[in-house]
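Notes follow the structure.
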Amino acid sequence: MAQAEVLNLESGAKQVLQETFGYQQFRPGQEAIIDTALSGRDCLVVMPTGGGKSLCYQIPALLLDGLTVVVSPLISLMKDQVDQLLANGVAAACLNSTQSREQQLEVMAGCRTGQIRLLYIAPERLMLDNFLDHLAHWNPVLLAVDEAHCISQWGHDFRPEYAALGQLRQRFPALPFMALTATADDTTRQDIIRLLGLNDPLIQISSFDRPNIRYMLMEKFKPLDQLMRYVQEQRGKSGIIYCNSRAKVEDTAARLQSRGISAAAYHAGLENAIRVDVQEKFQRDDLQIVVATVAFGMGINKPNVRFVVHFDIPRNIESYYQETGRAGRDGLPAEAMLFYDPADMAWLRRCLEEKPAGQLQDIERHKLNAMGAFAEAQTCRRLVLLNYFGEGRQEPCGNCDICLDPPKQYDGLNDAQIALSTIGRVNQRFGMGYVVEVIRGANNQRIRDFGHDKLKVYGMGREKSHEHWVSVIRQLIHLGLVMQNIAQHSALQLTDAARPVLRGDVPLKLAVPRIVALKPRVMQKSFGGNYDRKLFAKLRKLRKAIADEENIPPYVVFNDATLIEMAEQMPVSASEMLSVNGVGMRKLERFGKEFMALIRAHVDGDDEE
């Protein structure tokens, strides 16, 4: 491509960004990726969820003369992307199994005639021989592979159907490739380059940091009560709650519903029609909370998810990062809350040991251990997370539970001696719950049957809470003074390191347990904008009415960040409206008049109810 032509395309990229997508400036890394794609060179893009990956191939698609093909793993994700592109006036379509034959033929005709600029397709459909024959005649100019980590067995979400994509390089040797992912360590990145056959690619790795997400951890004591309190504090905000089993998903959703909370279960065992209904209600703000297994989320592009809860610890940091990344995609404050119990880690380790030995098991063990270290960290959680991905950060973030409420320590020798002595006196045969009951002097038949109500240690810790003693024992496990014997129903047993503590030969500091979460943030202060909250509420109401009428999710009209900017700037003319991020020419034409009329009426005081 001639130099003058490349320069012309590059200047056109900024124009497309502003006029079509309504953004005034590129985010870090986007411009370099777009320029590289326009020059015909392969790219590997590692950019956080919500960092603007999609624009990296959508803008070149509108500047290059031909068809851009986007490989995407989920139908819901394709549909969502196409809806948003159509709302911006972009000729986009998808091919998937939910379409009738007539619909599919219509899309293929649009690709053949050049009417369609962006085609979204699943990998298994793309790799059919007859489809590749069609594609060869459609003048493809760019192939974008989204969720590219799925091609690598080192990745946390390997999908066999992605493995076949490597054959595309032989079929289309001159076609520029762009591989995109939010989560890939160095090993996974090298795998993606090798398996897709990328030629001397630009490797653009943006920071993994999502500064608008507050990373929090709450120790499990009475998990359901803690979860209910946490959800009620969110006051109707959109959220996702992840659990590790279908049964727990169903139970948690039912308990939330019984408290009058708008929640629904989502997992792979439900009928497809039910899953689609839950997803659409959530996308359209008709459902507050989805309780889900990891089957939910990869196809979700809802920008205003304000919190993500992991009710069970994930198996690796990559999954945790990707799932928490569903929150705050609009750039506004969001929260990631991890409920943690070391027993959950023990269960995951036991499940792992039941798998066949070999390299894959070793990889999974390494990743699980890293997740456990994140949960048990006593330093800034964001630092642990970012340094896992190799960023080498050193400054604490000031926006996680550790930074906001540093662990407080106390002289824990006496508590440790009571706990260790009780474990020894009950002959190291009982689990944590029973040991705590003995320490606190519980009056129950089981303790009397074993005669443990006659022990010296019985009731020695009754003045402190159940949660306090659970925390003490967990810390003794972390310190290597106690072990849980999984083979004996997680019975607590003393290690040799417990002896000097029992004798009082060494000092011992313990952390005060974290039982109550920090107060949720107020969006107005955290966002930093002095916006009119009443106007924001009116704009949301108008957006919902338009979205319902047009049968699209509300954020396809405008996302929350755009509405907040409107509520701050109060634009009442076309030029003022176009200066708001997220308002392009097409959206101004479609929706601008109604929003400007509402703002004008609000400013004039003519719309008081």
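Using the three backbone atoms N, Cα and C, a Cβ is placed for every residue, glycine included.
What Swiss-Prot records for this protein:
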type: DOMAIN; residues: 34-202; note: domain 'Helicase ATP-binding'
type: MOTIF; residues: 146-149; note: motif 'DEAH box'
type: BINDING; residues: CYS380, CYS397, CYS400, CYS403; note: Zn(2+) binding site
type: DOMAIN; residues: 529-609; note: domain 'HRDC'
* Based on DSSP, name the secondary structure state of CYS380 (Zn(2+) binding site): helix, strand or coil. => coil
* **Cβ-based isolation winner (fewest other Cβ atoms within 10 Å) among the binding-site residues CYS380, CYS397, CYS400, CYS403** => CYS403
* Any further residue of that chain within 8 Å (Cβ to the Cβ centroid of CYS380, CYS397, CYS400, CYS403) of the recorded Zn(2+) site -> TYR215, ARG381, ARG382, LEU383, PRO396, GLY398, ASN399, ASP401, ILE402, LEU404
* Asked: What does DSSP give as the helix, strand and coil breakdown of the motif 'DEAH box' (146-149)?
  -> 2 helix, 0 strand, 2 coil
* **Secondary structure composition of the domain 'HRDC' (529-609) [DSSP: H/G/I, E/B, coil]** => 57 helix, 0 strand, 24 coil
